[in-house]
């Protein structure tokens, strides 16, 4: 990528010289392959406005041009150029000045008329012809209305500058834009000043919301596979006006080393070079049914790309299609059938986040190496895709008078979820580097780059910003530590390698198993921060949370004592984006205050609300309930071979009478129930919400040793009973009596019914149980099972006054 120093200064303030900047960027892994400094070689060239033109009295191939030089007065020159009209803003070199090729300018007679200077084309000014449009290279250079009349030409046109050629590795798309380089310059400033990274120092506009639109367009966007395209936004612009960009906008493009073409192309190029986000423009009226569908190509499909070549698409190639055919190869090149022409009056700007591998595959297969593909292959920032770039593009539409207004912003997909935190073991990092950095040192170094981190004992949990797609494993974070500290700060030595067999702790293995079980049931995993607002914890009725001495924000001033806050926040975000329900779990650390110290515990939180399973052609959508949550917990415990008891219990955040305590034979495991409505409202959930929280440490201690025994070869006998008991009794209490008096032949008890209504006495309810009896060494007789059932019935009558309603075989 090629960019000029002036573009970087426009994006962020810094005092580094070009030479210092090259060295410092190289130290953090951004290689500058070459630099090229340019300076004005002309003299006394000013911006002038044409007041009047007339033919020369004797030389009919010449024009007499009267010029306004602003505060410098007026002058007149003779010229043979034919593209000079009244009102044009053009450069003129006055007597005593000099052109870029070394020609000295003096007053000169043309017949009987005296000429006081010379009008300049791009050649007399020594401009780079590769950056100029064909119109700008024809005759006298036109500057446009944005140039200030009477100012020096170098003030109106970027002349004296330094151009950098930036080279990055294939995973460093974050540095392939002015914004990306500005962020790295901010990193350098933060490191030099020993201050955290601050995006607020960057002067480029970075809106956080989608642009406003009138919503009078019928553009529809659909994504068939979000693993290939996580988000796609179409910005529809009405009443498009073609023509060149303004002088100020073209100047921006020159600073980006981009040749101006037209308003539409210039805007897409600016987004690509300045923000690192490729964009594409479609003719809205050439899209069948005004639809955009992001899908993979079908067998036999072809497309005529913008270069006029008919290309066969390999099945599975990611394309942008309308209702009928592909209109672009996603992230690579647009199609000719939907391209913008001189007759275009409505356009759709595409802003999307495509999978880098899908774009790279299509680019290689089709043999197309475009600027967009080059950037997409190296990764774009999903955060910019969904808010900043669409808003910037919409603002440019207004500023450059491209169209009358933005009439529709259609979108599909969701932003790529934030990467889960990665834990760095401090001893492992120091052993790898041969250093003695503590957690605070590493946290400080990560802070220079905007990498969020939290310290938990000897572990540092780090989360990269959205634009750092290259940070995926712990060695890459170690490399960032080295870059920020400085390569020369680490001594060279021969590594002392110790080979040992890797192992996994029982707790980690259990957490992995829990994830497998819960995902298999149909839940999704959430990853939230460990910080909460202390006032929120207090309002929930929980004990005081451990406070942070140096919180990142006022909303994160304490450590979480429960998993509920983070899961509720994730639920609110999902529901606000149109989801009909939320069913998720999180395994993480909770913290509590005990005496003068703090306790830290690994806990499992599960939160359900709304619909938790989508409808299909055989099954309607499944709504959540307390029984769904209880069934999930029972499935987990059954899979872990943990037997449990369930009894009513009060909980600070669960509804009274709708919460239970689940215990193993030796200890409490956790609670489940309905989230208190006032707590739900406090956390932003205004609907029935079901919540469970369990101690993973207690689960680990309760898992029995795995034993094996022979399967019974003899049939079992089932007896169903329904017993009338007080409504205050739980099914678990009744089941405990059945277990106690059913004897060793009672193998299984299942609650199949619970009824309470007008047909029953007041204060009573009916609970139905199915009991299964079996012997490992013989076939049971009905009579001996009847004796056991009679014992159970007698115990129910004696212990809880249970009245038998019926018994059936």
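Note that Cβ sites are derived from N, Cα and C of the backbone, with glycine treated the same way.
Here is what TrEMBL says about this protein:
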type	residues	note
BINDING	470, 479, 480	Mg(2+) binding site
DOMAIN	39-154	domain 'TRNA-binding'
DOMAIN	417-492	domain 'B5'
DOMAIN	712-805	domain 'FDX-ACB'
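Taking each Cβ in turn and tallying the other Cβ atoms within 10 Å, the top scorer among the binding-site residues 470, 479, 480 is 480. Taken together, the residues in the domain 'FDX-ACB' (712-805) have a mean pLDDT of 87 on the 0 to 100 scale. Neighbouring residues of the recorded Mg(2+) site, listed in sequence order and excluding 470, 479, 480, comprise 29, 468, 471, 476, 477, 478, 483 (Cβ within 8 Å of the Cβ centroid). Using DSSP to sort the residues of the domain 'TRNA-binding' (39-154) gives these counts of helix, strand and coil: 12 helix, 45 strand, 59 coil.
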